[in-house]
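A.B. asks: Here it is, the structure, as structure tokens.
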There are 2 protein chains.
Amino acid sequence: MNGPEKQAQRKEGSYLIFAEAEQSSSPFLPSSATAMASASSAASLRLLRRPIGLAPLRPARRLLCVASPTAALATDGDSSPASSASMAQPAVVDVNPPRGTRDFPPEEMRLRSWLFDNFREVSRSMAFEEVDFPVLESEALFIRKAGEEITQQLYNFEDKGGRRVVLRPEITPSLARLVIKQGKSVSLPLKWFTIGQCWRYERMTRGRRREHYQWNMDIFGMPKVRAEAELIQAIVLLFERLGITSSDVGIRLSSRKVLQAVLDMYSVPQHLFTQVCVIVDKLGKLSREEIEKELISTGLSSEAVQGIIEVLSLKSLSKLEEVLGSGVEAVADLKKLFSLAEQYGYADWICFDASVVRGLAYYTGIVFEAFDREGELRAICGGGRYDRLLSTFGTEDVPACGFGFGDAVIVELLKEKGLLPDLPRQIDDIVFPLDEELEGPASSVASSLRKKGRSVDLVEDKRLKWVFKHAERINASRLILVGKSEWERGMVRVKILSTREEFEVKAGELQ
Amino acid sequence: MNGPEKQAQRKEGSYLIFAEAEQSSSPFLPSSATAMASASSAASLRLLRRPIGLAPLRPARRLLCVASPTAALATDGDSSPASSASMAQPAVVDVNPPRGTRDFPPEEMRLRSWLFDNFREVSRSMAFEEVDFPVLESEALFIRKAGEEITQQLYNFEDKGGRRVVLRPEITPSLARLVIKQGKSVSLPLKWFTIGQCWRYERMTRGRRREHYQWNMDIFGMPKVRAEAELIQAIVLLFERLGITSSDVGIRLSSRKVLQAVLDMYSVPQHLFTQVCVIVDKLGKLSREEIEKELISTGLSSEAVQGIIEVLSLKSLSKLEEVLGSGVEAVADLKKLFSLAEQYGYADWICFDASVVRGLAYYTGIVFEAFDREGELRAICGGGRYDRLLSTFGTEDVPACGFGFGDAVIVELLKEKGLLPDLPRQIDDIVFPLDEELEGPASSVASSLRKKGRSVDLVEDKRLKWVFKHAERINASRLILVGKSEWERGMVRVKILSTREEFEVKAGELQ
């Protein structure tokens, strides 16, 4: 350990240990003796100080933060660096993942897999192909100047080679990058989906995480609103699979061409378009006055600002047509989309709402977002057309549109609606030797069942009572007991756990 | 743009553009006109300089690096920071993912999914539960002092809050962290698996990547070699599923208790154990002389060093027993494991090899690795027992053992053995309206088939000839043509592509 580090340790003499509250006999309790014995390695672990009594984002079960007798209860500003352990004290590592991130223990992993399987199943039914990208990307892909929240919260850093890299905040730029890279080897239209983790760095507020998983579906090379219509069907199919109805959730949609038309009416220069969109998207978060002020500061006339605000309040397509005239693209696109929606059979899910603009700089046409009709949650998913993204990467544009669908809000909604599935652990067989000397035969029984495709939990060194409880807990179908007298006759005892039926089978004939 | 950045741009006036070699008419070709039009946004993208003519790790298809007329062909040392584009020139983003990382276009994603499905299927048959962790972890979890390669190549950095974080190099410490966190809420033994991306940062050499995916299976709370026997069965089941036999691959195994016994014979102090293991693991990479020198420098006597080297060359268990005596744990463990292997039926896959030590500091007992018998590749997977990891985290130890199985070497092996599966794209139906005005009916036909669970590619604005070619390319089962005269009778035309059978069906009765 070098000088400054050692010094830092002395200075930061306080630390917290994490222990299980009800667990004085637990194998997991910090033990001074053990920790001392391994002091040399333990001391090399830095400890993170944690606020006491402040609920973690995802509270660890029955976990208690215990301060060491000498610990000063410093509150942990998000910007305080990690402190180090002093060599003399038992060092206990922080059992929580980095702030704002999640572990997935088995039951939460089952829920995630179930959700992702649904994403995949819908994508498959829409004939989309799965792709993936590194979670680490060049910062250059995400640097845009429109003042988006997403680019202000980049989880970026410099790698050891001096390159600016970023834990990606979204996946669309990577998709676009790969489309360019694949070039002529693919035929358009491309229909790709991906499920990946996205990151942001912001000061933590309660309930906001620094990572989430996002399902993305994107179509490249389809200029017509057919692409949007397909993407919206995918979203609706997903909701339907999860048991969500159109009275739970709606999809608001509009087009950025609406704003474009208004800007054209007031002769606002083209280069202000993106910036205006990003500002206007904050309606609802900021007050109307603040939005107006921001718009004025871009150089818009107050007439233009009023025109924008008025149009954004429109909730009917016919009213929009009245204001903009029927000749504008925005109106034609939206009308076509609504007419397709009738044919797909999801018209009751969608509604026009001119206030939908979405916060990403690169959208150019139709934009949409799904929302819970009770209005309790943030947008469930959002997307739109981005026909001019590729030219910002220096290549010729390809018409494109897509959406991102996070794993957080949908789970909240399912919870609220009582639609979270029951996903217990499930095992086919438990194999249990009744005697230690039968561990060999038990191995061969378990092995052959596994080769036949069954999931087999081989249990040893437990009481039979424990095994029965365990069987219940993991929803085992059968219990296979390997006993001495049976084995001598080449038999094992099988118990069907649902019916309590019990019988002997030749070990070799076990299916 | 601030001062220094602007300056950097002037200094780094050269850049490279990436273009498709054979693609002068491609929609992806950089177009000066387009790029100029979007100069304001394009200019905000930084460009990465790339070496010219140096093959990328995973070469982009038909991709050519073209220097701008004024570009100096600087070779890109790994440590050169990204340079910026000048406003006046068409800026083309680097289409490659960050160095040493991979994109997964559809065909590579299908291969990855196939492999991961096999990992999952084997884990399920072994009754393991899936878990997951953030790819970003606290650096503290991975700081160990034994001089391991893995901790010398940490992809670490400081986050904006001043915390030392790391893109995890391995998953075991996260597993251990979660075991501690779950505490009493879980009953032992725990059998967990995970598939996740791991990272390292090192200067790039050809063919070495900075990330790979790793399948981990771990058992906590099982002190006997039964745990190792189970893990090795999992590995063998995986190989068998992939078509690999015991004449292609073997699993070498030994125990760190062998080294422990030798160190005890020479009264080497206990605290040197880990360090000795990490040094000895480099046998094969470093010369015998270098290894001896490193061992001596830890303070070992030359007799002890000779004793270690001699024991490590043993390839038979009976010889080992001769040297160490039958009373030592190492011998008893290994004998038990070989006897269990007979019962499981995988004895022909495994062999004793005292030189197997593995490079991770925390192993304490049995260690093993799978290798191709032709000796061409690095280890395919590796693992072992780590009974004392938890105490380095400050809690009481729980016996544990596990393995990591990467996604790289196994794919090389499958390629070599001709065992890579053919994984074409596969779609149930293509729906194609023969007329633009039939886009509505086509929507409703596609929609209803998708609701029935079929995967449906809705194709428009193409010639029928293209559609047939497309059907072949994506292995569609049926082509459903929506034509005017049929639709007026409520019918669609169905073509079964394998048999070329063709018939009409009522649209509502299409299954």
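The backbone N, Cα and C atoms fix where each Cβ goes, and this holds for glycine too.
Sharing the feature lines straight out of TrEMBL:
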- A:75-104: region 'Disordered' (REGION)
- A:79-91: compositional bias 'Low complexity' (COMPBIAS)
- A:99-421: domain 'Aminoacyl-transfer RNA synthetases class-II family profile' (DOMAIN)
- A:Glu170, A:Ile171, A:Thr172, A:Arg200, A:Gln214, A:Asp218, A:Arg358, A:Tyr362, A:Tyr363: L-histidine binding site (BINDING)
A.B. asks: Within 10 Å of the Cβ of A:Tyr363 (L-histidine binding site), how many other Cβ atoms can be counted across all chains shown?
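C.D. replies: Taking every protein chain into account, the count is 25.
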A.B. asks: Three-state secondary structure of A:Gln214 (L-histidine binding site) from DSSP?
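C.D. replies: The three-state answer is strand.
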A.B. asks: Under a criterion of Cβ-Cβ distance under 8 Å and sequence separation of at least 6, what residues of the same chain contact A:Arg358 (L-histidine binding site)?
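C.D. replies: Correct list: A:Cys277, A:Asp281, A:Val367, A:Glu369, A:Gly382, A:Gly383, A:Gly384.
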A.B. asks: When DSSP is mapped onto helix/strand/coil, what comes out for A:Thr172 (L-histidine binding site)?
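C.D. replies: Once the DSSP labels are grouped into three classes, A:Thr172 (L-histidine binding site) ends up as helix.
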A.B. asks: Tell me, roughly as an integer, the mean pLDDT over the domain 'Aminoacyl-transfer RNA synthetases class-II family profile' (A:99-421).
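C.D. replies: A mean pLDDT of 94 is what the predicted model shows over the domain 'Aminoacyl-transfer RNA synthetases class-II family profile' (A:99-421).
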A.B. asks: Would you mind checking how many other C-beta atoms are within 10 angstroms of the C-beta on A:Gln214 (L-histidine binding site)?
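C.D. replies: Around A:Gln214 (L-histidine binding site), other Cβ atoms within 10 Å: 23.
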A.B. asks: Who sits close to A:Glu170 (L-histidine binding site): which same-chain residues at least 6 apart have their Cβ under 8 Å from its Cβ?
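C.D. replies: Set apart from A:Glu170 (L-histidine binding site) by at least 6 residues yet with Cβ under 8 Å, we have A:Phe142, A:Ile150, A:Cys198, A:Gln214, A:Leu360, A:Gly404.
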A.B. asks: With every protein chain in view, how many other Cβ atoms are within 10 Å of the Cβ of A:Thr172 (L-histidine binding site)?
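C.D. replies: The answer is 22.
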